[in-house]
Amino acid sequence: MAEFPASLLILNGKSTDNLPLREAIMLLREEGMTIHVRVTWEKGDAARYVEEARKLGVATVIAGGGDGTINEVSTALIQCEGDDIPALGILPLGTANDFATSVGIPEALDKALKLAIAGNAIAIDMAQVNKQTCFINMATGGFGTRITTETPEKLKAALGGVSYIIHGLMRMDTLQPDRCEIRGENFHWQGDGLVIGIGNGRQAGGGQQLCPNALINDGLLQLRIFTGDEILPALVSTLKSDEDNPNIIEGASSWFDIQAPHEITFNLDGEPLSGQNFHIEILPAALRCRLPPDCPLLR
């Protein structure tokens, strides 16, 4: 086997008892690969481990977890200064794994790990909210955000992405749309949004294709709004094709400004952010990520 530079795996603490992962790491180590492993316990650990990775001189920092772990690691990487910043590798171990699934990361741990170490590093975009918080996949607001935020951890652990749908049906009678105004390049809309998706990536909420035209290296954010006054009719209408659906508003821009008369919540790769004003902008070619050669989210 060809020699590869060292990697550091930042593993979400919930995945420490994953026996197949342990076996995959040991096998690659036996084949001569150097893989350091660090486990996160609390917020901020990923940033410290990325700094350690730079001191070790590794070529890749692998995010082992779900969308939240990928977000935390990628955010730490784009905040690094200087040269020789490691590439991002992805090892999907979360509940939904929306970003990993949409970019074509293999489900098999051994194949995903090899790709994370030896795959081609491609420059991709990230997005930033209010000059502070970042996301690599998607910002979602409205009905979908409240569902993903409120779904019990035990339900997610047992059922995975399906848990979001089940919890949503249970809560349907209490959910209301978010009234807001959204501006972008050659875009303006004001009204009631049941679901709002602003995507660098394409899917969220356990496999829902909210922004099916998004690409991660085109310098643009894709916006999709599901409008309507009542939850159930609007959700049923999402089963129609886009051409026949009057409840879908779409736009594309390198930035979007969102204003609301009341506090609303956006879910940024699994992390909630509440407020009345949001400025969301793309950060072109913000980091390098090891992706499969047939990744569908590259232009």
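Placed from the backbone N, Cα and C atoms, the Cβ positions cover glycine too.
Take the ATP site that Swiss-Prot assigns to Gly66, Asp67, Gly68, Thr69, Ile70, Asn71, Glu72, Thr95: the candidate from Thr40, Thr60 listed for it is Thr40. Spatial neighbours are here defined as Cα atoms within 10 angstroms of one another, and by that definition the neighbours of Asn71 (ATP binding site) among the recorded positions Leu215, Asp218, Leu220, Glu271 are Glu271. The DSSP breakdown of the domain 'DAGKc' (2-133), given as helix, strand and coil counts, is 55 helix, 35 strand, 42 coil. When the Cα atoms are compared, Leu220 (Mg(2+) binding site) and Asp67 (ATP binding site) turn out to be 20 Å apart. Calculated from their C-alpha atoms, the gap between Leu215 (Mg(2+) binding site) and Thr40 (ATP binding site) amounts to 30 Å.
Taking a C-beta cut-off of under 8 Å and a sequence gap of six or more, Asp67 (ATP binding site) has these contacts in its own chain: Gly94, Ala96, Asn97, Asp98, Phe99, Ala100, Asn137, Asp269, Gly270.
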